[in-house]
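Okay, so here's the structure we're looking at.
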Amino acid sequence: MLSNKKLVFGITGGIAAYKTAELLRRSQDLGARIDVVMTESATRFISPVTFQALSGRTVYTDLWDARVPNNMAHIQLSRDADAILIAPASTNFMAKLANGLADDLLSTLCIARGHCPLLIAPAMNREMWLHPATQRNVEQLRRDGVHILGPGSGDQACGETGDGRMLEPAQLLAELTAFFQPKLLAGKRVLITAGPTSEPIDPVRVISNRSSGKMGYAIARAAQEAGAQVTLVSGPVALNAPYQVSRINVETARQMHATVMSQVHHADIFISVAAVADWYVSNASDIKIKKTSEQATPDLQFSPNPDILAEVAALKDGPYCVGFAAETDNLIEHAQAKRQRKNVPLLVANLAQRAMNADDTELVLFDEQGHTQWPAQDKLLAARQLVKNIAQRL
Ligand code: CTP
């Protein structure tokens with residue numbers, strides 16, 4: 001996801017600097033090549049040796065570094081970089097950046113960066129973050145086109161609680177990978193259902209299905225990366241909500257239906273990925289059903305669940321609707337019929353036995369022109385391709 005990306009990580013003085021070591025490692029796992037530049041204060045918190053060992057590359061700390069052939073590390077380092085990320089960015093460093101000071105290698109490099117994008121992850125005590133001078137500097141940096149990541153909120157190393165924590169490495173990694181995605185859905189609101197539903201038989205037993213939620217969650221992430229505001233209505237799955245996606249947890253199809261109907265009026269796009277149970281147990285018991293000699297098997301009765309996608313697709317002035325279909329056989333015929341029955345402009349199908357619980361998928365897209373088969377690929381890559389395809393159709 002960061003393959004062929006050349007990044008400069010700038011590290012300034014802050015206790016959060018130790019987290020940047022993890023971020024560097026994870027970014028390299030995704031294919032990035034990273035040069036590290038540290039301020040003098042940063043080296044008080046973590047040694048350059050740590051970053052040299054992790055990156056396998058020279059770490060720069062000095063404006064007058066004689067190892068750089070032309071002695072111009074501040075120019076050289078940013079020239080072929082795809083982005084500079086300052087993490088942690090201290091109060092002092094942000095003040096220097098906002099005012100154009102250039103008195104060490106990192107600040108000089110930032111001023112000399114030309115068109116290279118600059119992302120900064122502030123990390124400081126909450127009073128320092130809230131100080132009017134810092135807030136003025138943040139505003140100025142935004143106006144200058146600097147991307148401010150976070151900060152987060154919570155317990156601080158100083159013992160206080162509030163805004164100013166550096167984002168966690170996983171969150172910064174999500175910000176970094178999203179930064180390189182085109183903002184094809186900027187300003188759009190996307191509502192997505194994902195995962196299975198779970199229909200109670202009694203307080204301890206349910207009827208559910210094998211959906212892992214991976215595809216729906218990948219689409220939520222891809223839509224968020226593309227600049228959309230994403231709401232994910234999720235059945236029970238073992239996945240974390242993608243970064244900056246607002247998740248609403250539900251259990252049954254009827255809860256999913258009620259939640260979708262309450263959210264859909266705010267949505268521009270509805271992507272129905274959930275494997276919704278077709279029936280619920282209408283005589284579910286309030287107490288645990290016991291095995292008895294007279295009743296060898298319980299007498300379960302079923303009633304149909306609402307068809308959420310068909311109902312949303314039938315709304316007057318409703319969102320652009322995308323359906324999904326996981327089939328075990330006759331994929332083309334079933335999916336074509338399903339698209340027409342649900343009356344959606346786009347339906348995405350795959351073979352259930354290959355896609356369920358897997359990390360990759362082979363999608364076939366059905367629209368009124370016919371169908372198009374995509375090669376097997378990782379679900380996040382498939383999700384990004386789908387988001388691009390949907391954006392082109394809008
Ligand atoms: N869907 C839905 N509500 C339901 C059933 C399905 O919103 N009660 C949506 C799914 O999220 C998916 C599409 O409809 O986008 C197709 O789901 P699928 O289960 O494949 O289709 P069904 O209509 O249930 O048909 P069948 O189970 O007979 O294949």
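Each Cβ is built from the backbone N, Cα and C atoms, and glycine gets one as well.
What TrEMBL records for Cys158 is active site, proton donor. Around the Cβ of Cys158 (active site, proton donor), the same chain contributes Asn125, each under 8 angstroms and 6 or more positions distant in sequence.
Remark: Lys342 (CTP binding site) has Asp307, Leu309, Ala310, Ala313, Cys321, Gly323 as non-local neighbours, by Cβ distance under 8 Å and separation of at least 6 in sequence. Residues annotated as CTP binding site in TrEMBL: Asp278, Lys288, Pro306, Asp307, Ile308, Leu309, Phe324, Lys338, Lys342.
Positions annotated as domain 'Flavoprotein' by TrEMBL: 5-175.
The domain 'DNA/pantothenate metabolism flavoprotein C-terminal' annotation in TrEMBL covers 185-392.
The region 'Phosphopantothenoylcysteine decarboxylase' annotation in TrEMBL covers 1-189.
The recorded positions near ligand 1, defined by a Cβ under 6 Å from one of its atoms, are Asp278, Ile308, chosen from Cys158, Asp278, Ile308. Across Asp278, Lys288, Pro306, Asp307, Ile308, Leu309, Phe324, Lys338, Lys342, which the record gives as binding CTP, the greatest C-alpha separation is 37 Å. Neighbour density at the Cβ, taken as the number of other Cβ atoms within 10 Å, is lowest among the binding-site residues Asp278, Pro306, Ile308 for Asp278.
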